[in-house]
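Student: I have a structure here, written as structure tokens, and I will follow up with some questions on it.
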Amino acid sequence: MASELQRPDSMPCHNRQVNSTSSPSPEHLLAEDRVLDHAEENNAAMAKLTLLPGHAHSSVLSERDSPACCSTNLHSENHSDSSDSGNYDAPVGGDSLLGDCELSRQIGAQLKLLPMNDQIRELQTIIRDKTASRGDFMFSADRLIRLVVEEGLNQLPYKECMVTTPTGHKYEGVKFEKGNCGVSIMRSGEAMEQGLRDCCRSIRIGKILIQSDEETQRAKVYYAKFPPDIHRRKVLLMYPILSTGNTVIEAVKVLIEHGVQPSVIILLSLFSTPHGAKSIIQEFPEITILTTEVHPVAPTHFGQKYFGTD
């Protein structure tokens with residue numbers, strides 16, 4: 001009997017551990033409460049963050065944590081500077097990425113970004129890759145241009161219409177409102193013309209040539225030809241790379257001289273710097289800019305490589 005009464009004291013130690021865990025001490029409970037409270041505070045803070053749709057690398061707006069937001073963007077900018085060397089891409093200083101909270105507030109809804117996904121990211125990577133062949137470069141550029149043009153068409157007005165199907169049924173749909181045209185800023189803007197024609201076969205396209213004056217180094221208009229009724233049309237202005245924004249600003253001024261209002265101009269671009277986008281919006285607050293990426297390093301080699309003159 002004595003040996004049987006002693007058995008409970010000689011049970012394996014892991015049973016005693018389970019028993020101690022099932023009856024936590026008051027100090028342990030207080031520690032768990034502190035962890036849960038901390039997690040709830042973090043969740044509440046995260047609930048105040050708003051991401052632009054599809055852009056994990058883009059704007060992060062916070063009601064109370066803007067310094068943290070901006071520090072993240074500065075890290076991204078430093079990383080990009082270390083990964084791009086030489087004059088292949090031209091950095092434009094003065095601003096960080098679009099993720100900079102203050103820049104996002106300044107530009108606002110007039111700057112529209114394509115929803116980011118791996119397909120677009122790969123196309124951007126190939127276009128920026130110094131070792132990419134011209135064939136791969138053009139193929140990727142044309143694909144990205146097509147995506148930008150398709151999204152640009154979504155910004156144009158539609159109207160409801162009724163059609164009859166081959167089986168005799170009525171179908172309520174939509175169609176473009178008349179009065180749209182494209183304008184390419186030569187010469188890199190001409191790379192986007194085919195993408196627009198692939199989507200709108202009969203659209204009219206004008207051209208404008210702007211270059212820097214050799215003496216004054218200021219943007220100067222050398223050639224401009226538009227549809228005669230452009231003042232009554234909505235304009236898709238095509239220019240793939242926004243670096244300083246000066247060329248686009250000059251082009252918009254010419255369009256205004258021909259009776260076009262900035263509010264009906266949609267600028268289609270592949271890449272933009274923060275400085276370029278902000279300069280255009282500050283000059284013309286009503287214009288709409290559509291691009292795939294806002295980054296301080298602009299691939300200014302685009303036109304030369306696309307047309308084989310690099």
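Even glycines carry a Cβ here, placed using N, Cα and C.
From a predicted model like this one, the values you see are computed outputs, not experimental measurements.
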Student: Could you check Swiss-Prot and say which of Ser25, Ser66 is marked as phosphoserine?
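Tutor: When Swiss-Prot is consulted, phosphoserine appears for Ser25.
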Student: By the DSSP assignment reduced to helix, strand and coil, which category contains Gly179 (GTP binding site)?
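Tutor: In three-state terms, Gly179 (GTP binding site) counts as coil.
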Student: Closest to Pro240 (5-phospho-alpha-D-ribose 1-diphosphate binding site): which of the binding-site residues Arg143, Asn180, Phe302, going by Cα position?
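Tutor: Result: the closest of the binding-site residues to Pro240 (5-phospho-alpha-D-ribose 1-diphosphate binding site) is Phe302.
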Student: Compute all pairwise C-alpha distances among Arg187, Tyr239, Pro240, Ile241, Leu242, Ser243, Thr244, Gly245, Asn246, Thr247, the residues listed as binding 5-phospho-alpha-D-ribose 1-diphosphate, and give the largest one in whole angstrom.
Tutor: 17
Student: Determine the Cβ neighbour count for Arg143 (GTP binding site): the number of other Cβ atoms within 10 Å of its Cβ.
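Tutor: Its Cβ shell of radius 10 Å holds 17 other Cβ atoms.
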Student: Here's one to test understanding: among the binding-site residues Arg143, Gly179, Asn180, Arg204, Arg233, whose C-alpha is closest in space to the C-alpha of His301 (uracil binding site)?
Tutor: Arg143
Student: Would you kindly give the Cα-Cα distance separating Glu177 (GTP binding site) and Leu242 (5-phospho-alpha-D-ribose 1-diphosphate binding site), rounded to the nearest Å?
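Tutor: One finds 29 Å between the Cα atoms of these residues.
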Student: For the GTP binding site, please report the maximum Cα-Cα distance among Arg134, Arg143, Glu177, Lys178, Gly179, Asn180, Arg204, Arg233 in Å.
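Tutor: So the binding residues stretch over 38 Å, Cα to Cα.
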